[in-house]
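**Q** This is the structure I have questions about; it appears just below.
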Amino acid sequence: MGKRLLDKLWERHVVTTNENGLDLLYIDLHLVHEVTSPQAFEGLRLTNRTVRRPDLTFATMDHNIPTKDVWNITDRIAKQQLDTLRENCKQFQVPLADIGDEEQGIVHVIGPELGLTQPGKTIVCGDSHTATHGAFGALAFGIGTSEVEHVLATQTLWQRKPKAMGIELKGKLQKGVYAKDIILHLLSKYGVAVGTGYVMEFYGETIGTMEMEERMTLCNMAIEGGAKAGIIAPDEKTFAYVKGRKYAPRDYETFEKKWFELYTDADAIYDLHISIDVTDLAPYVTWGTNPSMGVRIDEKLPEKHDVNDERAFSYMGLIPGQSTYDIPVQHVFIGSCTNSRLSDLEIAASVVKGRKVKEGVRALVVPGSKRVRDAAMQKGLHHIFEEAGFEWREPGCSMCLGMNPDQVPEGEHCASTSNRNFEGRQGKGARTHLVSPAMAAAAALYGHFVDIRKESYDGAISYS
């Protein structure tokens, strides 16, 4: 019987197996940020250990930093975490993309754009959305702080092999429908626990038409379905994306030959299989307090089915049967490790070009990295956004989570391109609606959700 992509990635990294069936995996890349690393580094200090492979470790600052004035850090705890990461990286000789550095940005944005993320690697980070890197045919997953310490000290990690889920995507997306809508559809249909105990492998003709940044969006939110990771077999688009980047292999051709072997064999069998035809998918909007509580833009909100629905409706200030078009939007956030890359900003800019943000709506665009910001500014996207009434910010996690100054006031609604809509995720009492960049941009113009498919935009930007 053939092997799944998961099998090939896993077997290449097993150092040994213990009597309990746990495998000791070698880790090829360890990404670090300021929130989940302080105790891990302190653990090394207390046991008089060093970082085993600083050359396979890379740190950045993203979660806590302000995006309006990056040097004015008024939160004492945030400043302490940033200062601590800076000191830890210096002491343990770990490369750091500090505030203001050209390589700084959200950890799951800079990994791919710097060429650190590569097919065939095992990649970990003390962050649940590490699954993003699986878009490159890497086995990438989030870990806890104690595991961060273990990887720093040994460059290995004890893990139990998950099962493999195949998610086949067939058909062509309509204009105005994106990878974000696919994953929100998957979650709304199958729930937030469908992937528990599995690694999701996305494949099929739809994947072949997607660019790398769309694939990253898919894998990024695999964790929202309970999966250990999301993966996509590398192809020519993957190789073209990696080639020439700063940390890409110097002996690129040799590595590329090995990467061509990373696919699921034709006679391999998944432990669970799901097939989705994307042809008739519509843009999605979440209405509740987990990512599975979502509906098509052309559907009404569902009826209450259980106590969780009742609590969600109450928290969100919505009612069953309400039209999605009637959901008010006071804030718009375009950013996060899900949708803050150049193509995301280009799509949003194409929607708002020559138009104005609705009075009373606060709209933020936060590039995922310094390089994304610079590239967008070279194309004049910042002018398009600012002329429309958006705030153009510095890179960081920003309004994705309430750990920095960018927060949504209590009781107000935010159209967000991020990945989580839990109670209080964007601030105490904040009401989060997950959508694509195009849908978020359109909501900023109207002050409520609209069907982006009916808007006259071409999905691309003219720079003339």
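Just so it is clear, glycine is given a Cβ too, placed from its N, Cα and C backbone atoms.
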**Q** Can you tell which of CYS337, CYS414 Swiss-Prot lists as binding [4Fe-4S] cluster with CYS397, CYS400?
**A** CYS337
**Q** Once CYS337, CYS397, CYS400 are set aside, which residues in the chain still have Cβ within 8 Å of the Cβ centroid of the [4Fe-4S] cluster site?
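**A** Going along the sequence, the neighbours come out as ASP62, HIS63, ILE106, HIS108, HIS129, GLY335, SER336, THR338, SER340, GLY368, GLY396, SER398, LEU401, SER418, ASN419.
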**Q** Can you name the residues of this chain that are 6 or more positions from CYS397 ([4Fe-4S] cluster binding site) yet have a C-beta less than 8 Å from its C-beta?
**A** ASP62, HIS63, ILE65, ILE106, GLY335, SER336, CYS337, MET403, ASN404
**Q** Who sits close to CYS400 ([4Fe-4S] cluster binding site): which same-chain residues at least 6 apart have their Cβ under 8 Å from its Cβ?
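**A** The list for CYS400 ([4Fe-4S] cluster binding site) reads PHE333, GLY335, SER336, CYS337, SER416, SER418, ASN419, ARG420, ARG425, GLN426, given in order along the sequence.
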